[in-house]
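One structure is given here, and the rest of the page talks about it.
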Ligand SMILES: NC(=O)CC[C@H](N)C(=O)O
């Protein structure tokens, strides 16, 4: 039996000393100021044990990791009709790409690229004020993480609003195809605020538990989503969670995972663990460089890859 606590600490020690740490995202100004030496890791196992090391209590901007929870929320509202407006295939393009949208009539390839997440935000808006929709998501995150201290970083949200020209273009472009229902600035407001949710590794791993427990909050706990839905969300995380590097992540780590440009990754070992890692330096695809390496070490040592026997 692997000693998970020990392994988590060893991995954090190795990552603390790593020289090559990638580049922090600079296109969202507040993210450019984050110290690239930060590294946090938290593993919540199926029996509820929490193993954490490094800066696992320091909050970071979850960015695109929020797309997993926003998708869960939207599926709860509209069920499988969601798939009329968003595809389920890997895009093979960067997270903020617009190129496929013209040929594919404004229907994004999947809910984890920005275009897809904007449609999901539009579904979650559902005729409400943006602050109602975002309040609902924040409450959902707090419930899942069992932690009411989770907040939205307004500085990050505002910075995205003033510099998010690509996202603004994506929303307007899809609006032209009729695949954004609300005024684009309202949908964008929801999207920017969900990306600006700040959480630490422990909170994020806790929030991901329902995906390791087949849709249950915890063993013996309430059902968050059906077993089928949990399985499907995991499948999308595996195939689309790392954009045009999803294949490489599956190859190296072998777990459903969702990354964000804040340097966080949520990874799920179904039936075994929910894992959150944070290291702000990114690789060329916009995924955490050391976060990926840490997960690779973890699955190598534990055999938790979904492709292992
Ligand atoms: N990959 C990401 O985390 C991207 C999220 C970021 N808020 C953006 O829209 O550009």
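Note: Cβ is positioned from N, Cα and C throughout, glycine not excepted.
Among the features that TrEMBL reports, substrate binding site is placed at 64, 114, 160, 167, 191, 243, 261.
Annotated features taken from TrEMBL, shown on the structure.
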residue : record                 : Cβ contacts under 8 Å, 6 or more apart
64      : substrate binding site : 95, 112, 114, 117, 195, 258, 259, 260, 261
160     : substrate binding site : 28, 167, 192, 195, 196
191     : substrate binding site : 117, 118, 121, 167, 171
243     : substrate binding site : 91, 93, 94, 95, 112, 113, 259, 285, 286, 287
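Contact annotation for binding-site residues (64, 191, 243) versus ligand 1: 64, each with CB under 6 Å from a ligand atom. Following the DSSP three-state reduction, the secondary structure of residue 114 (substrate binding site) is helix. Residue 261 (substrate binding site) falls within neither a helix nor a strand when secondary structure is assigned with DSSP, and so counts as coil.
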